[in-house]
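A quick write-up on the structure given underneath.
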Amino acid sequence: MKLQIAIQKNLFEKGFVVLALLLFSDALISLFRRQEGFVLDATEGDPVMQIFLFGVYAVTFFLILLRWKSVMQLVLKEKLLILLVAIALFSVLWSVAPIVTLRRSVALVMTTLFGVYLATRYSLKQQLQLLAWTLGIAIVLSFLFAIALPAYGVHQEGGHIGAWRGIFVHKNALGRAMGLSVVLFSLFALYSYRYRWIAWTGFALSVALMLLSTSATPFLSSLIVLALLPLYSLWRWRNPLFMHCVVMTVTLGAAMVLWLLSQVEAILGATGRDLTFTGRTELWSVLLQAIQKYPWLGYGYSAFWLGWQGESGRVWNVLIWEPTYAHNGYLQLGLDLGLLGIAVFVLGFSIYFGRSLIWARTNQTATGMFPLAFLTFLLPYNMTDSIILQQNNIFWIFYVSTVFSMTIQPQPAKPPATRKFSA
């Protein structure tokens, strides 16, 4: 009887994690609200979404209380990551919109705690299994919505007519999720032996959805990861040909960059973009000037983009469109927390990337490769999107959980001879 109750509790907890991850990926609820005609207020947010998020926060807080000692011990070991979140929280002291900063920085703290909860409750292998379930559900539902409910699953108006968005609020949200899915299922397919056909199916469907979303950044970011996986594998195996492959990869990479530069106009034209990356270069130029106003500490966490009433209004006056975020994670971090925030993030990321290399060399499984592949994906992706230090964001959650998982087990033990699909 006790065993049955324990199993039911475990299934309930895993179900909660999967549903929460779907919520944090901008799926379903945000889409339904958009289709109902709800207009998002840049300052207040969506009250319905906030109710669901508050429920997730409450359950997360309760689950953390059950293991608060291990959570506190773990949190104190990663001072740079916690410092970055603390800077965001205390930026309310200098924020140009302190009420907004307070509310959203608290949401960031709870989002971070969800990542810490994952790391303390589940091994990274188990976390990847839960992520695979989440993304698998998103894949199936996205196809169903796009085919059976195109009014929901396909953009019907604006500049993205015909682009798939599946169960997500926007095509870029679908592309972003599928980019992560491509990375995850490719690792399962390449570094596992059992149920490989499931991994390859997930990989193929993820690629298809990513292409149907017409979102370029996740495609290019996942392509970079896939191109580097053979090189990372040689690093894992300490192959004597490693340095030769490094030279060849760099050479081929340079050649590819040169070719892309020579063909950039044709490539962007084929994807419906221009040499200004759909207006982003002008936006970035204006934002660099805005950062110079408060270079050291920024405008306060999430206090810049508040519509016409906020600092973003000055940006909109210059541009011919109305962006709601920086379209660059590094510039967004500069706007929020200034050079201080950028410095803390870069220092921490560099340390975590080095730690992921150790994992890749000591654990020949999908789990061992994931931190390195995931961090590699984040670097180029943040060039045109903002997923660094974002509240209610699945990427920030797995950044946190991955970092803390590597802290719990700095050098994972080598797996047994027979490897399984599970990771």
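In case you wondered, yes, glycine gets a Cβ from its N, Cα and C as well.
Please treat TrEMBL annotations as automatic predictions, because they have not gone through curation.
Pulled from TrEMBL:
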- 202-346: domain 'O-antigen ligase-related' (DOMAIN)
- 12-31: transmembrane segment (TRANSMEM)
- 51-68: transmembrane segment (TRANSMEM)
- 80-100: transmembrane segment (TRANSMEM)
- 106-124: transmembrane segment (TRANSMEM)
- 131-153: transmembrane segment (TRANSMEM)
- 173-191: transmembrane segment (TRANSMEM)
- 203-229: transmembrane segment (TRANSMEM)
- 241-261: transmembrane segment (TRANSMEM)
- 294-310: transmembrane segment (TRANSMEM)
- 330-353: transmembrane segment (TRANSMEM)
Tertiary contacts of the transmembrane segment (203-229) (same chain, 6+ residues out, Cβ under 8 Å):
135, 139, 142-143, 146, 160, 163-166, 171-172, 174-176, 178-183, 185-186, 189-190, 249, 271-273, 369, 373, 376-377, 380-381, 383-385
Which residues of the same chain, at least 6 past either end of the transmembrane segment (51-68), have a Cβ under 8 Å from a Cβ in it?
13, 16, 20, 23, 29, 107, 110, 113-114, 116-117, 120-121, 392
Whether the transmembrane segment (294-310) meets the transmembrane segment (12-31): three or more C-beta pairs under 8 angstroms:
no
What average pLDDT is reported by the model for the domain 'O-antigen ligase-related' (202-346)?
80
Check for me, if you would, whether the transmembrane segment (131-153) reaches the transmembrane segment (12-31) - at least 3 Cβ pairs under 8 Å, residues 6 or more apart in sequence.
yes
Contact between the transmembrane segment (173-191) and the transmembrane segment (80-100) (3 or more Cβ pairs under 8 Å, separation 6+):
no
Give the nonlocal contacts of the transmembrane segment (12-31) in its own chain as ranges (CB under 8 Å, at least six residues past its ends).
46, 48-49, 52-53, 56, 59-60, 63, 111, 114, 118, 121, 130-131, 133-134, 137-138, 141, 152, 165, 167-170, 173, 177, 392-394, 397
